[in-house]
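A.B. asks: Okay, so Swiss-Prot annotates it like this:
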- 1-252: region 'Acetylglutamate kinase' (REGION)
- K26: site 'Transition state stabilizer' (SITE)
- A59, G60, R81, N170: substrate binding site (BINDING)
- K231: site 'Transition state stabilizer' (SITE)
- 274-420: domain 'N-acetyltransferase' (DOMAIN)
Amino acid sequence: MASAKEISQYLKRFSQLDAKRFAVVKVGGAVLRDDVDALTSSLSFLQEVGLTPIVLHGAGPQLDEELTAVGIQKKTVNGFRVTLPETMAIVRKVFHATNLQLIEALQRNGARATSITGGVFEAHYLDQETYGLVGGISAVNIAPIEASLRAASIPVIASLGETPSGQILNINADVAANELVHVLQPYKIIFLTGTGGLLDADGKIINSINLSTEYEQLIQQPWVYGGMKLKIEQIKHLLDRLPLESSVSITRPADLAKELFTHKGSGTLIRRGERVIRATTWKDLDLPRLQHLIQSSFRRTLIPHYFETTPLLRAYVSENYRAAVILTKLGNVPYLDKFAVLDDAQGEGLGRAVWSIMREETPQLFWRSRHNNQANAFYYAESDGYYKQDHWKIFWNGLHHFQQIQQCVAHCTQHPPTLID
């Protein structure tokens, strides 16, 4: 799946969190119906490595089927399922049955799991005249969740609420997930879907979204509309209320471990992200912080007087100095002198966000990389071509004439290293 180093890095990061801050996993009824084996396998794996996710589920398709069987037609208003008193008994039965099916499937996989079908969401009528027995959430009681976590058992929570007087109310699973996340402030929020992520105009999964730099442009794309637009807006609202390090992952059940434990991931990773600083002179940057970023990323030391002797063309630096691109000029084409990302920012999509901003205004570019650089796979994907030498791989973008490429290769060959082993 990934290198042992990558897996160990993420496992260490997750293990240092308070148990209830690791992850909330929201599972739709369709996943429970169509992909329960992959779901339980992935959740069981997390428990095996010492992590306990908090699972919240819906039961939409199961409820549709049960209501149809008794001749009751589904009715929704503003995205909420109208729940009449005569259907509440069916709603409750379906949620309890769905919850127990997941519990039993987890137990067959050797996992410990706790059924929680009440006592978490204190609710009020959202609008009884319009929606019937549909609730909004007044308060979240995490005591049942904490008890389950103390026993190293996966809490499996149904999206049902109760009023202070004891009336059970149907709660939209997305609403329940949002309120639960707001209280728990988890590091990861995971939405498991059949599509495995958000899809772009070509139907391909978007790897990562850095909301600070990409949201406004993304939301204006013609292919972002309807349910997808609403989902992105909801996720932005959700992350705006969480710590900066929190993120949302949208993936398939079978790919959950890959999404959590590898830099590349498998699905769509969405973070609030960081603003990117653009500078054309060194004096506009915090050079000690930039030096720390570069040296930590490469695990090498910059040559003395690097900033004094290196003519800066442009620098793109994340506001917390966790990722940076430094461009200089060798000849007539911008030269990528440094692309640095801190270890704790690996897999966030932050490096890609900084890279994308740089590429938008740098149509021509060349750079070199050592043969053992872990970023080479990314460079192969991002470059138009490359040339292999004894000590370097030389990459370029936007260069179409052989003589120009030859000059860039010569510059890379002659340019002395700026990092000391």
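Cβ coordinates come from backbone N, Cα and C, glycine included.
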A.B. asks: State the Cα to Cα distance, in Å, between K231 (site 'Transition state stabilizer') and A59 (substrate binding site), rounded to an integer.
C.D. replies: 19
A.B. asks: So the record assigns A59, G60, R81, N170 to substrate. If I measure every Cα pair among those residues, what is the longest distance in angstrom, as a whole number?
C.D. replies: 12
A.B. asks: In sequence order, which same-chain residues at least six apart have a C-beta under 8 angstroms from R81 (substrate binding site)?
C.D. replies: G60, L63, K74, K75, V134, N170, N172
A.B. asks: Relative to the mean position of the Cβ atoms of A59, G60, R81, N170, the recorded substrate site, which additional same-chain residues have Cβ within 8 Å?
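C.D. replies: Other same-chain residues near the substrate site: G29, G58, L63, T83, V91, V94, F95, S159, N172, A173.
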A.B. asks: What is the number of residues in the domain 'N-acetyltransferase' (274-420) that are helix, strand and coil, as DSSP sees it?
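C.D. replies: Computed counts for the domain 'N-acetyltransferase' (274-420) are 53 helix, 48 strand, 46 coil.
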A.B. asks: With every protein chain in view, what's the tally of Cβ atoms within 10 Å of the Cβ of K26 (site 'Transition state stabilizer'), excluding that atom itself?
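C.D. replies: Cβ-Cβ neighbours of K26 (site 'Transition state stabilizer') within 10 Å number 26.
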A.B. asks: For the domain 'N-acetyltransferase' (274-420), provide the mean pLDDT of the predicted model.
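C.D. replies: Taking every residue of the domain 'N-acetyltransferase' (274-420) together, the mean pLDDT is 92.
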A.B. asks: Count the Cβ atoms, other than its own, that fall within 10 Å of the Cβ of A59 (substrate binding site), considering every protein chain shown.
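C.D. replies: Counting Cβ neighbours of A59 (substrate binding site) within 10 Å gives 28.
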